[in-house]
Each structure stands twice: as structure tokens, then as C-alpha cells.
Amino acid sequence: MKKWQPGLLIVLLASVLFIPFLGSTHLFDWDEVNFAEASREMIVTHNYFIPQINFTPFWEKPPLFFWLQVLSMKLFGINEFAARFPNAVCGIITMLVLYRTGKKLVSPVFGWIWIIVYAGSLLPQFYFKSGIIDPWFNLFIFLSVSKLFLYSEVRPSISSILLSGLFAGLAIMTKGPVALLIIGLCYAVHALLNRFRNFIKFKDILLFLLLAASVGSIWFIALWLKGEAYVIRDFFNYQLRLFATEESDHGGPFYYHFLVLLFGCFPAAVLSLLSMRKIKNGNELSPAFHRWMLILFWVVLILFSIVKTKIIHYSSLCYYPLTYHAAVSFYQVYLGRWRLPAWAKWLQFGMGLLVCFAIMAISFIDSWKVWLVQSGMVHDPFANESLMANVVWTGYEKIPGFILLAGLVAFILLSAQHQKKALLVLFASSAIAINLTIVLITPKVEQYAQGAAIEFFKSKATGNSIVETIGFKSYAHLYYARRTPALARADSAFLQGHPGLQVYLVGKIQNMEKDEKENPGLQLLYKKNGFVFYQQKR
């Protein structure tokens, strides 16, 4: 192959994997809708500097990801496809980065294997078809750490330290100073393990911090100069709350992220254990990078296990080192140096069956939902009602589960004599099954979870109505009902001056009695799939 051909092939394959059907599902409340709404409000207000939600400053995230969404929305319109397209682009870039990194470290074959492992794993692929911030944040952190690796282990060049600082600054502009904490902890652990030999030069530390601060603090400095220092204060207070408290009821045990990675990164997770266990004799491919990836993995996993707020994508930066170690194991099997032990084969098969049965169970939900509700096993009134949503299942939704099951069976049958083929079949079937699950099943699940509410919000996207939620937090009514700046603070005085404005409220069925008691002016319109829809009497 010519030098440019692998890159072009990767772009084409990644585009086919990540771009189609991005707009087939409504944005999920909270995060997807939250970020898309901040980007929409930038376009509506022409204020591209301060992110807003309901046209008031939104201090939880810096603006870089919103700028990417704004560019996408300018190209494709304000819709689901545009909101998710930046992460599809991130996925394409990530595949190129993995290939280039793997090729330089080991060989072109290793680069391709790393791509197959990453794209063939559950959450790593899924996030590139989402509208959340983390894929870009993770990519910038990985690039920054990779450049620090080159500086520390290959050649202490100015370009490496400057690029590391640049990517660190971009990560800060994506999600905040936690980026600097992660990168700093990684280097600190590396220095301790290395007994501070070849420690980074003081002037290079200053160069790194100068560039990281120059890029990463642009937004914060500009806010301060504009007299918006309170946004900075609220931003840092929010970051501290995430660390110290279970923000928004997102708590969980210390081992939460261990389980997320074990099941969410199927089938890479089990394979990565082989490489991680063989610290002394399994890292001959690139011993230094092997250690850096172990450091990155454990720093992120331990840090976010300590953090009180537990959200599934907080540990998503672990996908890079985890899939690297899985790729090492795959490559060693490919070369015939290693064989998969029995425990790894059967653990892989067992976890695969759990994932497979979960996909199949969802695809058969219309057949067993009545039994499930009548059995009394589900105690949540909202869940019971949402299960009764009238969702049309065509039968094609069962295909992903059967593809994955076939891949698992083939993996076990082939692994006795042809382990290289067994792994290739497993990851290929997993990649196809995951993609088809996102395309065929996720839109159906979304209809159960929030379809009735989104349908109502979209029906009220007119200039003479305002929609609010009562008893639960949501951003979907702002985005899908197309909230305007004039309606951001529709208090009683405003409503009295606009008698033609219709006010609608949406609650949940478990809070119905309480909501009606606390809001005596509500007129019930209808109930649907766990949601209760009201119009306020004027």
C-alpha cells in the first residue's frame, strides 16, 4: 500500500461505521439534550462565548464542544444528526490516531488490530455515535499523554512538550481543569516509578504550563475581563461538588467503574487482562508505552472511583489504555507467541452471553412487557407505564443479538485451533452487532423512555406557548419546544401581559397527586407512558 492509502481506507471505513443513522433517535435527556440546547442557544442569541441553558449562563462546561456542535448545526441544521456529528468526526480521527500510534510503536498490523479492538467494543463504539462531550476530551488527553511519553521515553524535544501542552489546553477548553489534574497525575506516577530519572526540565515544565494555560484559560480570562467572574466561581464550585458529593443523585459504590469497564468494554476488557497480567514478559512490544498506558488506566480508574458522583462516561478515558492492552494480547496471539488460556476464553464467552441476552431481551420486550408489569416485579410506577408504550417492532431488531451469538459460538469453536481467526470473528461480529443495536434497537428504547414527552414538546414548538416540567429535571422541553429568549423568564407578571400565551406543564405519574395539590390551576390534558400533561388555566 502507498503511504496515504491506509489513512484513506480508515477514513472510509470509520465514516461508514460512525456517520449513518446519527439522527435516527431523539437526543437523550439529560446530557445529549443539555449540550445540544446550549449549542442551539448560542445560535439563537449569537452569543458564542458564554454557554447558556434557558438563556442564563451555563457554568458546568467550557465552550469548545459547543462550538463544534454550532459549526455542525450551521451545516446540517438544528437536529439530532448535527448534534452527534462532531463525535462521529472524533471517531474517525481517533481511528487514524490509533493506527498511526500503533504503527510507530510496533507495526502497521498492530495499528489495524488496535482499530478493530476499539471499534468492536461496546461503549467505545457507542460514544462516537452520541452527542456527549467525553470523546473529544478523551482524545485530547490521550494525545497530550502520548506526547509526554515521546518526550520522556524517546527524545525530550520542544515540539513534543509544546504539543502536549496544546492538547492539554484543548482538553481544558472541552471539560475543564480536571484535564490538567489527570495529565499531571500520570506524569507524577511515571516520575515516581522512574525514581525521578530523566525528570522533565524546569523550562519545559514552564513551556507546557504556558501553552496549556494560554489555550485552556482563554475562556476563563475573557469571562473575568467581561465582568462575568461569577461564572468562573460557579464553574469551580460545580467541579468540587462533583468530586465531594453525589451530584444529581448519581452515586454508586467504589467499584462502579470497574464493572462499567468490564461489561461496557466487551469484548476488549477480558483480552486486556492478559496483557495487564503479563507485566514482565508481555510488554516487549513497547515496554515504556505499556507502562504509560497502565499508568493512564489506573490513574483515571482510581480517580473517578474516588469521586463521589458516578456517571458511566467518567471512566471513558480508560478506553484508550484498555483497548491498547487488548490489542497487545490480540497481536501476540496473531503472531503465535501467546495462546488464550481457558479462563479467558470462557470468561469472554460468558460475558458475551450476558451482553447477547441483554440485547435479545430488549428486542423481545414487546412480547413479555405485559407479563412483567402484571407480575409486580417492577415497583416504579413510571417504569410500568412507560413499558406499555405502543412501539412498533418489525422483527429485524432481533438480528444484532443473533449475530453476536453466532460470533460467540464461532469464537469458542475456532479458539481450539485457530485463535487468531477466533478473535477476528469475535470483534467483527461484535462491531456489527453493536452498530445494528444502535440503529435498530436504541430508537425503540428511546420511545419507551421519553417518546411521549418528546412528542408533546415538539408539538408545542410554536411562538405562542411555553412548556415546563414539574417534579423532575429535564432539558428536552427547552430543545424540542424551541424555547426563545423572550420566554426564558415567563413569570406571573410576564404571563399577565401576554394573555394569548399558552402554558403547558409535564409531570410524571408517580408525582401526579403531589403536583396537582401544589399547582391548583392545572387542567389535565392526558396521561401517556408515565408522563402527565397539563395546561395551566389562565
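Residue positions begin at 1 at the first shown residue.
Glycine is no exception: its Cβ is also placed from the backbone N, Cα and C atoms.
Because TrEMBL annotations are produced automatically, they should be read as predictions rather than curated entries.
For reference, TrEMBL has these:
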- 61-219: domain 'Glycosyltransferase RgtA/B/C/D-like' (DOMAIN)
- 105-124: transmembrane segment (TRANSMEM)
- 166-193: transmembrane segment (TRANSMEM)
- 205-225: transmembrane segment (TRANSMEM)
- 254-276: transmembrane segment (TRANSMEM)
- 288-306: transmembrane segment (TRANSMEM)
- 312-334: transmembrane segment (TRANSMEM)
- 346-365: transmembrane segment (TRANSMEM)
- 399-416: transmembrane segment (TRANSMEM)
- 423-441: transmembrane segment (TRANSMEM)
Contact call for the transmembrane segment (105-124) against the transmembrane segment (254-276), three or more Cβ pairs under 8 Å: yes
Leading stretch by Cβ pairs under 8 Å, where the reference is the transmembrane segment (346-365) and the options are 205-225, 254-276, 288-306: 254-276
Intrachain residues whose Cβ lies under 8 Å of the transmembrane segment (254-276), provided they are six or more past its termini: 117-118, 120-124, 282-283, 290, 294, 297, 301, 304-306, 310, 312, 314-315, 318-319, 322-326, 328-330, 332, 338, 340-341, 344, 347-348, 351-352, 354-355, 423, 426-427, 430
Residues from the same chain, set at least six apart from the ends of the transmembrane segment (399-416), whose C-beta lies under 8 A from its own: 340, 345, 348-349, 352-353, 355-357, 359-360, 363, 422-423, 425-426, 428-430, 432-434, 436-437, 440-441
Non-local residues, at least 6 beyond the ends, that sit with Cβ under 8 Å of the transmembrane segment (166-193): 61-65, 133-134, 136-137, 140-141, 143-145, 147-148, 152, 199-200, 208, 211-219, 235, 239, 291-292, 295-296, 298-300, 303, 317
